Amino acid sequence: MTEASSGPAAKYPLTPSVMHALEVSKRGCDELLIEAEWLQKLARSEATGVPLRIKLGLDPTAPDIHIGHTVVLNKLRQLQDLGHQVIFLIGDFTSTIGDPSGRNSTRPPLTREQIEANAQTYYRQASLVLDPARTEIRYNSEWCDPLGARGMIQLAAKYTVARMMERDDFTKRFRSGIPISVHEFLYPLMQGYDSVALKSDLELGGTDQKFNLLVGRELQKEYGQEPQCILTMPLLVGLDGVEKMSKSKGNYVGVTEAPNEMFGKLMSISDDLMWQYFTLLSFRPLAEIDLMKQEIAAGRNPRDCKVLLAQEIVARFHSQADAEKALEDFNHRARGGVPDDIPAVSLSGAPLGIAQLLKQANLVPSTSEANRNIEQGGVKIDGATVSDKAVKVAAGTYVVQVGKRRFARVTLA
């Protein structure tokens, strides 16, 4: 889907601050469409003093977010710091349809109650990044519910099946004989109509959302509006350095995780992956990051830079004091020590199987995970590695460790 530019007609001066705003906008992005239009929107905003309206649509299909989700949120915050207004759009209507983006099957819809509960949790966590004073929260049921059958049909008439089939996921499913429900064609139309209702100047999304974002741009033209620009952000690679960050893959860092856990996970990433994290997650100037690369090439230990990254992210979601304490505890553990503030857990049922003990102490989510850690030599009791899954632990108080970062002082009766 390509097109000619049809953005702001008037020319405004491209001042140094406007060019800086463009640089901030493009940092780490996958694609900015159409750059010349966005540049003129930025220039107009500076000349007139009217903030631009920047939209992020969210279908809250899960309640908790990880730092991979914050890649887009960080970009929004950077644009807020330039003086622009963010519209945090809750897709309570579109979530009842189910977004087909990137799917090879139909996505099950959610109830309004599930959506609202997830949305509240998501926004509470997103507020750790966004500036609430420059964030407008909207629900797309405000304009989608009143459409009714007549309005929905009129909207559907503005797009063809051929245009819909330009989407890769629809094409793949069609060629593979996998059913595509008619209601799935409505999803990108409804997301696009959100842009019309909000009169957005820019819409952000992941690379998998590009088609939907372009539909919004086309619909704005149909309704006589200046079309929004589009900025897509890459998907953050997970801790394993291979696949995108995902809870299902276990390669994620949750934004509500404890400071020590968050810090330790970030310190575990590879030196090469560190640079993507700096670009997409850090607010440090690119010039400073480039200087770090030069210093490492000249012999500086990459660990020093990784510490700065981990501290910055922990401080963002907790506090600077928590970040400093997490570094102290990390160094202590690296020397073979035990953190000072490990949780104390009281259990009963001695003698208790080691897998059950680990699960009941909340050191692992399941006994199968406990057994996996034992097999890999990742479980210690009072510093001694446990290698036998059949071990039963007698009554007493022990320091139990799983992996490098999970500790508990367990009293078993």
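Any Cβ shown, glycine's included, is placed from N, Cα and C.
Range annotated as motif ''HIGH' region' by Swiss-Prot, chosen from 40-49, 60-69, 90-99, 380-389: 60-69. Looking at 244-248, 299-303, 329-333, the stretch flagged in Swiss-Prot as motif ''KMSKS' region' turns out to be 244-248.
Outside the motif ''HIGH' region' (60-69) by six or more residues, the chain places 90-91, 95, 99, 107, 110, 115, 117-119, 121-122, 125-126, 235-236, 238, 244-247, 252-256, 281, 313 with a CB less than 8 A from a CB of the stretch. Residues 62, 64, 66-68, 235-238, 254 of the same chain lie 6+ residues outside the motif ''KMSKS' region' (244-248) yet bring a C-beta within less than 8 angstroms of a C-beta in it.
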